[in-house]
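Please read the structure below before turning to the comments.
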């Protein structure tokens, strides 16, 4: 069968979905964690009960994690409505109303997918959370069945590869150059330049790697892409392999992502069946094979030289560069490494054009970037926005602001290698250069929002605990320096800090930066440096007054029952895990501070109408 | 165990995949397995241990029947993941990294499972429990504890 025939069949299969009502269940990891699989059972039961003929497909993640689990229902008229925070109890109503009575349930709906209008339900892409977004890498996520290659092909999939194969490898690289694409893994190195190096490197045996070792805590775009649209990534790899001139590729994926691994393997199997992988791809003389390598839990493997050692079956300890992997990588052969999101952009660029892609973004940072919004923000999830959008637009327009109307305090970008930016940075346009100038980095695109209940010293300590733990131990300053910094930070959060600590931290931070071979150590001090830069008074309060203004650091806070508010309801007394709350029914309770472990359960369980428990720092009132 | 090894060629590149297969079957890497792999790949046991101990995924002692992983990624951290961890530690009377005396539960901390929007999360075997609260700990631990010798005992209330 030719590819055109397959394309034809795929489009027919996709269109046939409209002939029957169809239910789309968002079943990526986050959807599943919110109960998507139970919804599938429940939908099936309900369809059977009502003897309805309908299709049900599992789709990936559209990125609106706050609204999970999501299901879309398309009735006989083909109009697809997305429903949010669906529970099994809602299923009978949704099936009944939407599918039988043809009456979409506005009260439970999030939006209408596509351009049809339904009164009372907004169009999905008119929602504030989606309107500013430009979905290029995430183009199919949440729409198609990631386990069905036909869905991808019907959505213009593999057209880019066809186009690329008609070009010469140099023309392909030129097209990437025109697009202005830079590596989405963190460092932002121009993709075309990287490819060119590897293409020009002498030798016939070359390798290509997809870095799916998404280790940054707080970043989950690569997982979502692989779970929701694996072919977009794989098509990008094929185009890259053709341009560079390699026949062997690896996908290095972390073991914490079992669903992504499963879907990748299904996708690879389908590609082989369709002649998109192996020898003579699409009838050309281009050959390419892909192996999946599963990581074993080492953050440092995200560093490219460390990853190479891991694939070779060794300890993943970074080495000095040069030689860069482009000239001497896997088993000493020229190797090109790009991350998942970069590859997904490549396939989009070749489906449209480099020029089209360069139409998005800023002068030096072209295109779009996926960010993972989490922490103290209303609309948690994945977003894809054009470069140059401001942090304020991301947090307030797309993210919907801070829960409980609390005040914004800081945004942490770029994971453990990044930094915390204060309120003044809300007007900062997001691109590689601007973030770097502010002391943070783009990194893989994690964004954690902090409100006034977040302690910046604790955040710095948290990240340092992470990097200290993940340091491979090769460079003395990374291994020992981060340890010393962590000890100082721990002392500060425990009220044992002294006045010279801040200076010592700054001095150590510089030393760790200079004395580390790889980016893990080179950037590990960033969270400490930026929190000192922007939130120095908070450090000083910890050190001088032994107080934690955000009331987070356990050694510096106490829980206290306000005698005038306590009604003696016994809720806290029963919940206290260490039994240090004393009192009787209808008698004011007292917390024995000696034995209190400051877990905060009492505060959680105290009925909101009483609000009798206070969390205080410093001396008790 | 031999079965797990057989599907691989005798190439150094396969060392980590082989160890992963063994751990999948045995839940940890028993010393006999390391010995067999060393013969198979012609590497010293020392060399294999140097690699296996480098990676966080590998265990060298048999874990409990249920593995509870507490995510302490950034989002989970700012949303109070540490309180959830401590609460489970107290309930099961075991520290993170350890296994309960009855061999029923192992408690592990993980860096990030990529469900940040649902923070804080706890993974029990394969099930992800999202938006955990101290109250919810009770509800998911309860069913797992029934059948175990120890049940969650309500702490004695101290009166005046």
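Every residue gets a Cβ built from N, Cα and C, even glycine.
Pulled from TrEMBL, these are the features on record:
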type    : residues                 : note
BINDING : B:71, B:76, B:112, B:116 : [2Fe-2S] cluster binding site
Site of maximum Cβ density within 10 Å, from binding-site residues B:112, B:116: B:116
Assigned element (helix, strand, coil) containing residue B:112 ([2Fe-2S] cluster binding site), judged by DSSP: coil
For residue B:76 ([2Fe-2S] cluster binding site), the three-state class that DSSP assigns: helix
